[in-house]
Structure formats: structure tokens, C-alpha cells
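Chemist: Heads up, here are the entries from Swiss-Prot:
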- Asp69, 178-179, Gln204, 233-243, 301-309: NADP(+) binding site (BINDING)
- Tyr74: active site, proton donor (ACT_SITE)
- His148: substrate binding site (BINDING)
Amino acid sequence: MAAPPAPQPPSLLGYHRVLSPLAGIRVSPLCLGTMHFGGQWTRAMGDVTKETAFALLDRFYEAGGNFIDTANFYQGEGSEKWLGEWVASRGNRDELVLATKYTMSYRLTGPEKIKSNFQGSHSKSLRLSVEASLAKLRTDYIDLLYVHMWDFSTSVEEVMQSLHHLVAAGKVLNIGISDAPAWVVAKCNEYARFHGLTRFCVYQGRWACSYRDFEREILPMCQSEGLALAPWGALGRGQYKSAEEFQQEGTRNMGPQEEKHRLMGAKLTEVGERKGVAAAAIALAYLLHKSPYVFPVIGCRTVEQLEANITSLGVELSDEEIYEIEDTIPFDVGFPMAFLFESPQQKYRSDMTTRHIWQVTCNARIESVPKPRPIEPKQGYKQMDRK
């Protein structure tokens, strides 16, 4: 006798997805970032009290979210400590997918006199950081561990061997990489592939409709290697506002508003008004439409912001609307993609294939298989029938 279907999720956040072709773990379509949590960086990032942080974590969890991101470095280690305290108090560790990172100088305020090995991607830094993260998160395993950045001093061999040993020991389940060149990631995964080691399954980096340099090399590399994408900065780091709003509210003491962000904010607001949602929902929906296996990292400071972000999962954008957003500010994809795909009649788009290369099609009509499409947004709630 077949089992009945699972109950309807409390929100669109509860329709979970496979993380990537290389990692079968199931995660919510949005990842809650906790860089605001910890109480140490209030001058740069604004004040989020522990009470507010726990309320955000509670609402994310109640809405069906299970994918949460932190790092050893955030808030002078305060982010991991608060997250670990919340998880322990709620008793829901195994329901969650916790992601953290190593490489950054996480002991900046520690009592140690010599701190040279409390940073970097090498084996000692990895060991020290992971043991500390496990203690702060109050757990005995990490679902996803990122190399936080490429330090350009540790070899591919050392990084991949050391990470694999942690996976084999059961302390880490999956590995990812952040803020690294595409060629480095490809080289790491090639080494792992040919030596029977664990491969990177997700890439985290800056990507937004006003930060499209990610699309030059990183996006196609991830699509080719089977990596998921966890973009940070999807909301323009708080700059998608009018000049008046920015002047009144500011943005975490991170400098003046850039003109490209003001223009993009106006366009996102315009598209959002047509669809009855906030500009932030359009910014997230844009990324969710660009490629499969995209899990934006959302950094919220209020429950209201979180609720607005969740609505992005029900927003449908046409190709024309995506192009409208992209054409708001210039984007130079650079050589060789511009040379191959652009012409006076054609702008580069990230979904282009062989049939869009004019040197290929100038003497023959060529058809090609489209690039894989992402999961379509859900319009309200849908029954998930089992066959």
C-alpha cells in the first residue's frame, strides 16, 4: 500500500530541493545568512540583538527553511556561537543543513600571541577551525564546509586531501568553495575526480542583477562541473533604494550609494509594482530564474524582510522581463564570450548556446539543445502528487 503524500509545507520555503548534482542532501530554496548575528560588528552592519536573531531563525524554521549559512570569521566567532545556542535550545539539529566556512583569520581577538596558523586554507588551519566550529555550533558534524576564499598559498593537493579526510571521518558531509577563481575550482575538482576524493558541490560568491561579473567564468564553470550556486549580495548589499531612501536609511556604513545600484533599484521597484511584490523579491527571483541549483543566501535583519524574501519563490519572470532588468545597466562580458556571441544585432545572454554563435551559423542553420532550466516558481500552494 502506497504511503500518503507528505503534508503541505507551511510556505513556499518548505518545498525542498536537491542541493546539486554532486550532493543529494535536501535543502530549502533560500539559505538564511547569519553574518548579521553575533553582536560584535554592530558599527559596520547595524545592531541585531540575540532576541531578534532567534526570532528570525524561528520564523525561517517555521516557514520550512532548513538551510543556514555562517562562518568561523563572522562577528568575531559570535555568529557560530549564537547559531549553536539557538540550535541547542530548539533541539532541531538533524532537521537542519548547517553550512560554515574556514580560511579567514577567525582568532583576531583571541589571546594567542602567534596567530599565523589561525587563517589560511592549509591543513592546520582547517583542523583548528573545524574543531572550534563544531564546539561553537554544538554539533558533531557539519553538513557543508566551505573554503571561504582561495589563499593562493596552499596547494590544490593539500586542500582537497585534507577536506576529504574530514568527510571520511564523518565530521563534514559536503564541501564547497567561496570567493575563488573559476580555474581554481575546476582544477580542484579535476584533481579530486581523478584521485577518488570528495569534490566541491557548491560555489558561494557575489552575484546580483547589478553584479553580473559572476556570469563571465564562474556561472558556466559551475554549470559544467555540476556545482550549485549560493550567491551572496543578491540584494545589492542594501543599495537597491532611491537616493532619498538611501540618505534616510543608509546601508551598514559601507560607503556611498553607487549609481548603478540606484538605477537597478528603480527598475526592480518598477517590475515589482507590476507584479505586486517588493523589489527584493524581484532581485531574488532574477537569480532563481538564471540557472538550476541556485540557492541565494539572504541576510535579513527583520522578520518582515524575511517574509518579503520568501515571496520571491512565487514570482515568475519572463525572458523579456529578465532582459529588461539586465539592460538597466551595461554589462561587458569580455573576451572571449563577447567575441563569440555578440554582434551589432545581438547582446550576450547567459543562456546562449551554439546556435547563437554567428561564426557557426553564418553558412548553415544550426539548432542546439537549450541549457537546463531551473525549477519553475510555484504560484501559491500546489499538491505534490505521488505517482
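Heads up, the Cβ atoms here are built off N, Cα and C, so glycines get one too.
Tell me what's around each of these sites.
Modeler: Following the DSSP three-state reduction, the secondary structure of Gln204 (NADP(+) binding site) is strand.
Non-local neighbourhood of Tyr74 (active site, proton donor): Thr34, Met35, Phe37, Gly38, Trp41, Glu80, each in the same chain, at least six residues away, with C-beta under 8 Å from its C-beta. Tyr74 (active site, proton donor) carries a helical DSSP state (H, G or I).
Taking Cβ-Cβ distances under 8 Å and a sequence gap of 6 or more within the same chain, the neighbours of His148 (substrate binding site) are Ala71, Asn72, Phe73, Lys101, Tyr102, Thr103, Met104, Ser178, Asp179.
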Chemist: Give me the count of other Cβ atoms within 10 A of the Cβ belonging to Gln204 (NADP(+) binding site).
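Modeler: Excluding its own Cβ, the number within 10 Å is 28.
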Chemist: Taking DSSP as the reference, which of helix, strand or coil describes Lys241 (NADP(+) binding site)?
Modeler: coil
Chemist: For the binding-site residues Lys241, Arg301, which one has the sparsest Cβ surroundings, going by other Cβ atoms within 10 Å?
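Modeler: Checked Lys241, Arg301; of these binding-site residues, fewest Cβ neighbours within 10 Å: Arg301.
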Chemist: Among Asp69, Glu304, Glu307, the binding-site residues in question, whose Cβ has the most other Cβ atoms within 10 Å in this structure?
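Modeler: When each Cβ's neighbours within 10 Å are tallied, Asp69 leads.
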Chemist: Look up Glu307 (NADP(+) binding site) in the DSSP assignment and reduce it to helix, strand or coil.
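Modeler: In three-state terms, Glu307 (NADP(+) binding site) counts as helix.
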